[in-house]
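**Student:** I am attaching a structure below and will ask some questions about it afterwards.
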């Protein structure tokens, strides 16, 4: 499927825009077969001009669905290029759930436009979702619920089920008179139950309701453990406000994965392939600036040994090797510990044994690679002492990397800073500085003629 | 929840092993409340001795379930420390699905042991799963199916449903006389349907069966789009061999996320916190070796300019800054393109515009940071020309990084090499070498006294 998308991008790029020919019909047929997620991916893959043209070819019914799927930057690039009347048409079609999904970074005027088109019930749904933060499950509650009053009977349930069952539904919810959640009745309890039995007797006591302020990632866990396809979401007063389905779980995990991968390079999850140049540049500049500070620290460490470098230029040549080996070894430990922290596996109780194990692993690799690199350096510069200096420096730096790899994420986590984001910058700074200082320091001691 | 796990690890670490006291009872009560996934996380978080002791306290009924959840290294560490009779007890309890999940790296003798305890039907299930590769959905097919013959009627379905409905089930499957998949009947079609209607008339024509050799990640996509909670899995002959539920989707995404994060540091997904030291060291050595090659390339590039470095030692001091800025800028572009490739968004058609955009972003950041760094270098070394040399080198290196960040992953992908794995090593090599050569080359041209 993803290959087809690439081909389509190709065809659109090579299309003659001034000539409505056979080619364009082929493209039109192919895009019609795409669902909203694929259409969003296609639009994001196109430079602005082509993107707007393809957007114009999407049916009015699909446009709101595609809008929701687009990344923020891509969505804004399209909205900024629509006329007033086009925007009105588009925003009068949005459901409360869709409006919430794309409400970040949206001008208030557009949100008001959409709200004005909604009926009272839809507006209430929007308000109910909008009370929750962006990282809470309540914000993304789906309002297609099967709900019955607490005193309803089995035949009431059947009457409801015969009318229509929303997608991905394997239970119905009961509420009290004011709308507070009162229990979950799995459909399977209905099969074979006599019609006059009160539904309250069929409630699954183990089924839990999800408070709306549950963090997205935590709610995936709750759902996975529940064994239910959908979970009721309640607000602080216990009112049933919506449901979370397994599709939400899949989407949350997918987006978390993407965001984590991008964050490691200091990129925003809003960024798409053709985000505006100025916006992209500014966002990326921050990360470059942070890394520049650490690079200057490394330079400063080297600067302490200017006199040594002047006399033994081989040290300058070999410097990157010491820094690189420490950085790589450290990032291996760091990654393992970060995963452990994310899974809740790290505590004061196992920190000691973990450190010992990582020091052993670092020690073994340190000894082995020191010997290899020391040997190569000796042959390269025909100087035994240079081999010794780099071998010792590398062994020490790999051990320092093991210690930092364990401690840095644990300390960051203590201070509530996400180690996945900043851990590797700090680690590299440590291994760079330790590496340069030990290497050049040893060089000063052992290689300089007094 | 993940905080509780940490506390438990703490308590176990500080427990007096020789004294069965109040403390141990508290721990026992807490571990009993954990499900199999949490128990597996707990065991992985403990050093070997504590791990084995805690394993001994898990009930026999839960042991097989926990075994399945453990990472390979942790599982082997436990199995290697069980007596023959304990292993026999454990492996006689495994279901075909559980045996498949933990069969990688398992000695054949243990697999045979488990197979011998199974009945004919279970063995067939095992064989049917085992015919598929590790990365295919057929291998993980769940065999708890609701199946009826193609000519069954609605009342047959009700008779089946009243008996028992497996967890997460919203449809039943029809097969022909020899067991070939013939269609999916969603439960909602049954609600209100008269009993004498043939089920074949209620088949959802849009419901698709998943071929067993579908890649795991692709099958998540199929399931997400299907709107079904479960999908039938068929083999090459069209026989219905099992089902995939949304729980599988969640698990596949979770594991893919973990594996991707670990792979970036050259770690295996089997690795747990307390993997055996020798095994860990050997695995990590490979990645260190690969990175060493690239570090030597950088050193070689520096070595070309030994004479220059001897005369202008400031160049040696500033070298890391040039390399670092190029590496960071490049990895930002690289990450963006790798995501685009994973989503199928990159093709020859948009490569040109993408390159132009990335060059603009790189150009803007290059100009800005060149000015900043050039200024600092000028003040630091009181030498205008050093400022000019580093400014030009950084601007050029950031541009080279933008080009490499786009091209390297695209070329790797063409050769069917996963760019997420090797892209960043190759990129860093390029930015290091280009950075050092332009910086020291310019220094040679502009700073050396002829």
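For all residues, glycine too, the Cβ spot is worked out from N, Cα and C.
Feature annotation from TrEMBL assigns domain 'Magnesium transporter MgtE intracellular' to B:34-137. Among the features that TrEMBL reports, transmembrane segment is placed at B:285-305, B:311-338, B:359-380, B:386-412, B:424-448.
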**Student:** Are there residues at least six beyond either end of the transmembrane segment (B:311-338) with Cβ under 8 Å to its Cβ atoms? List them, or say none.
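**Tutor:** Residues 298, 302, 305, 346, 354, 358, 361-362, 365-366, 369, 373, 377, 380-381, 383, 386, 389-390, 393-394, 397-398, 400-402, 404-406, 408-410, 419-420, 423-424, 427-428, 430-432, 434-436, 438-440, 443, 447-449 contact the transmembrane segment (B:311-338) from elsewhere in the chain.
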**Student:** For the domain 'Magnesium transporter MgtE intracellular' (B:34-137), jot down how many residues DSSP puts in helix, in strand and in coil.
**Tutor:** 70 helix, 1 strand, 33 coil
**Student:** Please report, as numbers and ranges, the same-chain residues at least 6 past the borders of the transmembrane segment (B:424-448) whose CB is under 8 Å from any CB of it.
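**Tutor:** Counting only partners 6 or more residues beyond its ends, the transmembrane segment (B:424-448) has Cβ contacts under 8 Å with 264, 290-291, 294, 297-298, 301-302, 304-305, 307-309, 311-312, 315, 318-319, 322-323, 325-327, 329-331, 334, 385-386, 388-390, 392-394, 396-397, 400-401, 404-405, 408, 412.
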**Student:** The transmembrane segment (B:359-380): which same-chain residues, six or more beyond its ends, come within Cβ distance under 8 Å?
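**Tutor:** Sequence-distant neighbours of the transmembrane segment (B:359-380): 314, 318, 321, 325, 329, 333, 386-388, 390-392, 394-396, 398-399, 401-403.
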**Student:** Grab the pLDDT values for the domain 'Magnesium transporter MgtE intracellular' (B:34-137) and give me their mean, rounded.
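**Tutor:** Residues in the domain 'Magnesium transporter MgtE intracellular' (B:34-137) carry a mean pLDDT of 88 in this prediction.
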